Structure formats: C-alpha cells, structure tokens
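Residues or ranges marked as domain 'Prepilin peptidase A24 N-terminal' in TrEMBL: 19-98. TrEMBL lists 114-215 with the feature domain 'Prepilin type IV endopeptidase peptidase'. Under the heading transmembrane segment, TrEMBL lists 12-34, 83-101, 107-127, 134-159, 194-219, 231-254.
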Amino acid sequence: MPASYYVACTVLALLLFAFGSVIGSFLNVVIYRVPQGISVAKGRSFCPSCGKTLRPLDMVPVFSWLALRGRCRSCGAPISPRYPLVECAGGVLALLCVGALGPTPLAAVAFGALCALLCVACIDAATMEIPNGLVLALAAFALLAVPAAPGVGLLSRLLGAAEISLPLFLCTRLVPESFGGGDVKLMAAAGFLLGWRATLVAAFLALVGGGLYGVWLLATRRAGRKSHFAFGPFLAGGIGVALLWGEGLIAGYLSLFGLA
C-alpha cells in the first residue's frame with residue numbers, strides 16, 4: 001500500500017475520533033442532567049459547582065479539561081475526570097463501530113445505541129437507576145436496526161426481546177430487589193436490537209462480569225452478602241460487545257466444538 005493510503009486512513013480515523021468525542025461531550029450533558037430532571041435541549045452548559053456558563057473554549061472535548069487541569073476556570077472547583085473519559089469513550093466507540101461494521105448505516109445505528117448504553121452505564125453506576133428515556137432511545141435504535149440489519153429476522157428480534165427480560169421480570173417478582181425494573185426494560189429493548197443469539201451472548205457476558213465484580217466486592221470486604229450494586233453497567237457492556245462482535249463470538253464458539 002502507498003504511504004498516502006495510510007495517511008488518509010490516519011486522517012479519517014482522527015476525524016472519526018473527533019466526531020465521537022464531540023458526541024461524547026453531549027453525552028456528558030445527558031449523564032449529568034437526566035437524573036436531575038434538567039432538560040438536555042435547553043440552556044447552555046454550566047459548571048456544576050458555581051453555575052457559571054461555560055465558554056466555547058472550555059468545552060473542547062478532552063483538551064479543555066487538560067488545559068484547565070481538571071478545574072473550573074471561574075471557581076476553581078475540580079471537574080470530574082468522568083468528563084474527558086466519556087468524551088474519549090465516544091471517540092473510541094465511533095472507531096469501533098466503523099472498524100467492526102464498516103462505513104454502513106448499521107455502524108451509525110450501532111454507534112447511537114452504544115452512546116445510549118454508555119449513558120445507561122454511567123447513570124446507573126451513580127444512581128442505581130436506569131432512566132426510561134434512555135431505554136426508549138435504545139428501543140428507537142433497535143427499530144432503526146430492522147432495515148439496517150435485515151439478516152436478523154423479526155422473529156429473532158421478538159424472541160430476543162423476551163428471552164432474558166421475562167426471566168429477569170420473574171426474578172424481580174420472586175426475589176424482590178434482585179434486579180431493577182430498568183434492567184428488565186433495558187434487556188427487552190436490547191433483545192429486539194440484537195436478536196435472540198446475540199442476546200444470549202450479552203446476558204452471559206453481563207452475568208460473568210457482574211459475578212466477578214460481586215466476588216471482588218466480597219473478597220475485599222467492600223460489600224456484604226446482602227449488599228446491592230448496579231447491574232446496568234454490566235448489561236450495557238455485554239450488550240455493546242454482543243452488538244459489535246456477538247455473531248463472531250458465536251461462530252468461534254460453535255467452531256471450537258465442531259458445530260459450525
């Protein structure tokens with residue numbers, strides 16, 4: 001390949017990362033405002049500590065946080081490192097979607113779904129709640145996935161919507177506080193997005209991740225046997241992996257046992 005090819009690929013990757021990080025900056029607004037009931041469509045960004053409206057130069061993804069050394073220009077209050085991390089995550093997600101799915105409509109749908117899942121993970125980790133609005137956003141991207149990914153049939157999507165969410169719903173009835181209602185609704189929307197095969201992958205990864213985290217909490221005495229922790233981040237992570245690489249993981253698993 002000529003050097004110009006690699007230069008072009010690098011430039012495109014940087015532009016894609018920059019686009020994703022700008023979206024990540026908006027996701028920070030969602031993560032901060034939605035739990036507090038503040039509109040994400042009205043009002044300019046402001047410092048959570050002093051309420052001062054931020055200047056455009058203070059809102060450049062990642063670089064503004066670094067330039068200000070993680071502090072507000074007006075009041076000097078520390079700014080959570082979550083902000084640049086979410087912005088970087090937005091850029092990385094954009095690269096992963098195009099890398100895994102190519103420059104296709106499905107990649108755009110997957111990026112939107114992953115952005116919603118990133119908000120779910122951050123908000124649930126902080127508040128132990130999954131906002132209905134984010135579940136509806138994921139459901140909207142699931143509907144867009146129907147024409148974008150015609151290889152996943154409608155029956156597969158309907159089965160996916162039910163196969164994990166219904167058992168979770170039964171668990172909430174039989175063992176109160178075992179799972180939250182948000183977890184149930186999230187998996188219903190994700191199941192329609194993924195189809196039944198990839199939904200199983202998502203659930204398996206979430207259970208493994210959540211189980212290992214629970215063991216770590218117990219081993220380090222950070223929580224007791226009756227303690228609760230947010231399961232949404234693990235569901236979001238499992239859904240994200242299944243969305244991008246679920247079918248590949250399934251094919252690899254089946255070929256491992258000579259079933260492919």
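Glycine is treated like the rest: Cβ placed from N, Cα and C.
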### Message
Please report, as numbers and ranges, the same-chain residues at least 6 past the borders of the transmembrane segment (12-34) whose CB is under 8 Å from any CB of it.
### Response
40, 45, 48, 59, 61-62, 82-83, 86-95, 98, 111, 115, 118-119, 122-123, 131, 133-134
### Query
Counting Cβ pairs under 8 Å that are 6 or more apart in sequence, does the total for the transmembrane segment (107-127) and the transmembrane segment (194-219) reach three or more?
no
### Message
Which sequence-distant residues neighbour the transmembrane segment (231-254)? Criterion: at least 6 residues beyond either end, Cβ under 8 Å.
### Response
96-97, 100-101, 110, 113-114, 117-118, 120-125, 130, 179-180, 182-183, 186-187, 190, 193-194, 197-199, 201-207, 209-210, 213, 260
### Task
Would you kindly list the residues that approach the transmembrane segment (194-219) from elsewhere in its chain, counting only those six or more residues past its ends and only Cβ-Cβ distances under 8 Å?
152-153, 156-157, 159-160, 163-164, 187, 225, 227, 229, 231, 234-235, 237-239, 241-243, 246-247, 249-250
